[in-house]
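Chemist: Next up is a structure, given as structure tokens.
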Amino acid sequence: MRYAVLVTGPAGAGKSTFCASLITHAQTIGRSVHLVNLDPAADKFEYEPTIDIRDLINLEDVMEELEFGPNGGLIYCFEYLLNNLDWLEDELGAYEDDYLIIDCPGQIELYTHVPLLPRLATFLSTSLNFRTSAVYLIDSQFMQDKSKFFAGVMSAMSCMLSLGISMLCLMSKMDLVKDKKGRTKREVGRYLDPDPNLLLEDINQGTNSKFNQLNRAVVSLIEDQNIVSFLPLDVTSEDSVNTVLSHIDNMMQYGEDEEPKVPKDMDDGDFD
């Protein structure tokens, strides 16, 4: 069985750093993992990608030759990838019983406005028979701005519904908010398990009254759906990364269908 984790979220949320931490931890526990880069604009990685979309198409070349802007060029690159899925299938063909960590671009329009990442997720899970899940990261600094935080919640909800696969939401960079502003665990908990009333407490006072009805509609939507909650992520803590990996494994039922592997020396039948 093959496994794939799509690492998604807005730009600056810490996706690449999370990928590196996850790979480091997986290697320490003896798990075979591979990094797949799907960002044609990426410039550097802590771990060299095993599979890299830049070997197929490069954003800089697209922008120069077609005179596209960054977002239009990125969408073109992804459309090109989806029109050449045989390339991806060939690249993935050699990796049996392995765990792929797929670093995705930070432009949310790839899954909220155009169905590019959803099509990729479907291809992985149905055509290539990967057990596929996703994680969605938002920056813990969003807790300093409630309107920005709830925009992140709505974006996570949109991603979850668009991808149509199991998804884990992570509050990244928690190491940066420890002991700041005297936040108690209860206060942080209202963000990890989003309390819609947070939006109404201050937002209505700080915005034009004509937005009050919109704020109430957002609150009602979050309450009615009730599908987004966050797991805290501190990449400086091995326990935190291990907890996240355990949740991902549980989503994909990792290892449940694997046959016990017999050590090679026992295979040979030589016990001398």
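Every residue gets a Cβ built from N, Cα and C, even glycine.
What you are looking at is a predicted structure, and each value in this text was computed from that prediction instead of being measured.
The feature GTP binding site is assigned by Swiss-Prot to GLY12, ALA13, GLY14, LYS15, SER16, THR17, SER172, LYS173, MET174, ASP175. According to Swiss-Prot, the site 'Stabilizes the phosphate intermediate' annotation covers ASN71, on the basis of similarity to another entry. Summarising the annotation, Swiss-Prot assigns region 'Disordered' to 253-272.
Situate these features within the shown structure.
Modeler: Around SER16 (GTP binding site), the same-chain residues at least 6 positions away in sequence with a Cβ under 8 Å from its Cβ are ALA42, PHE45, GLU46, ASP103.
Under DSSP, ASN71 (site 'Stabilizes the phosphate intermediate') is assigned to a helix (H, G or I) in the three-state scheme.
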Chemist: For GLY14 (GTP binding site), which residues in the same chain are close in space, meaning a Cβ under 8 Å from its Cβ, but six or more apart along the sequence?
Modeler: LEU137, ASP139, SER172, LYS173, LEU233, VAL235
Chemist: Rounded to a whole number, what is the top Cα to Cα distance in Å among the residues the record ties to GTP, namely GLY12, ALA13, GLY14, LYS15, SER16, THR17, SER172, LYS173, MET174, ASP175?
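Modeler: Binding-site diameter by Cα atoms for GTP: 16 Å.
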Chemist: Tell me whether SER172 (GTP binding site) sits in a helix, a strand or coil according to DSSP.
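Modeler: Strand, per DSSP.
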Chemist: For SER16 (GTP binding site), name the DSSP secondary structure in the helix/strand/coil scheme.
Modeler: helix
